[in-house]
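So the structure is just underneath, and the comments pick up after that.
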Amino acid sequence: MAEPRTLVLLRHGNSDWNQKNLFTGWVDVELSEQGVAEGQRAGELLAESGILPDVLHTSVLIRAIDTANIALKRAGRSWIPVQRTWRLNERHYGALQGKDKAQTLAEYGPEQFATWRRSFDVPPPPIADDDEYSQSADPRYADLGDTLPRTECLKDVIERMLPYWESDIQPDLASGRTVLVTAHGNSLRALVKHLDGISDADIAELNIPTGIPLVYRLDEDFRPIVPGGEYLDPEAAAAGAAAVAAQGSKK
C-alpha cells in the first residue's frame with residue numbers, strides 16, 4: 001500500500017474585519033494581533049507534530065499570505081516554494097462586503113441572513129463596480145476580465161477552486177510532498193466538501209476555525225483515510241468553530 005499523502009489546511013488567522021464582525025469576502029484586510037498570534041501557534045503545532053510542509057498553496061489575499069508566512073517561519077519552513085491563486089480566495093460576498101453582520105441580520109431577518117451566509121447555491125446581491133469594496137480595478141485580477149466575480153455562493157467557489165485542486169495541488173500530493181493550503185473559511189469548506197463528500201445541505205453546518213491546522217491523510221485516490229481530517233489542536237478547533245457559527249449574533 002502506498003504511503004498516505006499529507007494535506008494540511010489552514011484558515012488564515014483572525015483579521016481586523018473578523019474582529020469587527022464585517023463581511024469580508026475579497027476585501028484585502030490585515031490580520032489582527034490575535035491573527036498574528038494564531039499564525040505563530042499554527043507554526044508551533046506543525047513543528048511539534050513533525051508535519052513540515054514541502055510546498056505552500058495560498059490565495060492572493062494578504063490575510064492568508066501573512067498567516068502562511070508567519071506559520072512557516074515559526075516551523076522553520078519559510079524557504080519552501082509557494083503558489084498563489086485567486087481560485088483559493090474567500091467567497092466573494094457581493095454587495096454584503098464591508099457590511100456589519102449583526103446589522104445585516106437585524107435588517108433582513110434570520111432566514112435571509114442564513115440564506116446569504118450559508119446557502120449552497122444562493123449568492124448575495126452582486127457588488128457594483130463603483131462600490132468602495134469592489135475589486136473591479138484591482139490589478140491582481142486584471143486577467144479575469146469579464147469573468148471577475150461580483151458575488152458568489154459556495155457552489156461558485158467549488159467550481160473555481162476544483163480545477164486548481166486537480167491541476168496543481170493533487171500533483172504535488174502525488175509526488176509525495178506534504179502540502180499546506182492556507183486559505184479562507186469558504187474556500188476551505190469547498191475543498192472539505194469535495195474531499196469528504198459532504199452533501200449540499202449538510203455543508204451549511206460545517207465551520208472552520210481560524211489559525212488551527214487541519215491535517216488530512218489521503219489515499220492514492222485522494223480520499224481521506226480519516227473522514228473530516230484531524231485538527232492539531234482539537235479543543236481549540238471546537239471552540240473556534242462554535243465562534244464562527246455564532247457570527248451575526250455578536251454585536
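Cβ atoms here come from the backbone N, Cα and C positions, even for glycine.
The shown structure was predicted, so the numbers you read here are calculated from the model rather than taken from an experiment.
Under the heading substrate binding site, Swiss-Prot lists 11-18, 24-25, Arg63, 90-93, Lys101, 117-118, 185-186, citing sequence analysis as support. Long-range neighbours of Arg11 (substrate binding site) (same chain, six or more residues apart, CB within less than 8 Å of its CB): Thr182, Ala183, His184, Gly185, Leu188, Ile208, Pro209, Thr210, Gly211, Ile212.
Residues or ranges marked as active site, tele-phosphohistidine intermediate in Swiss-Prot (evidence: sequence analysis): His12. Around His12 (active site, tele-phosphohistidine intermediate), the same-chain residues at least 6 positions away in sequence with a Cβ under 8 Å from its Cβ are Leu31, Gly35, Gly39, Leu61, Arg63, Ala64, Asp66, Thr67, Thr182, Ala183, His184, Thr210, Gly211.
A sphere of 10 angstroms centred on the C-beta of Glu90 (active site, proton donor/acceptor) encloses 25 other C-beta atoms. Taken from Swiss-Prot, the feature active site, proton donor/acceptor applies to Glu90.
Of all Cβ atoms in the shown protein chains, 26 besides its own fall within 10 Å of the Cβ of His184 (site 'Transition state stabilizer'). The site 'Transition state stabilizer' annotation in Swiss-Prot covers His184.
Neighbours of Glu90 (active site, proton donor/acceptor) among the binding-site residues Asn14, Trp17, Gly25, Lys101, defined as a Cα within 10 Å of its Cα, are Gly25. Counting other Cβ atoms within 10 Å of each Cβ, the binding-site residues Arg91, Lys101 show the lowest value at Lys101. Taking all protein chains in view, 26 other C-beta atoms sit within 10 angstroms of the C-beta of Gly25 (substrate binding site).
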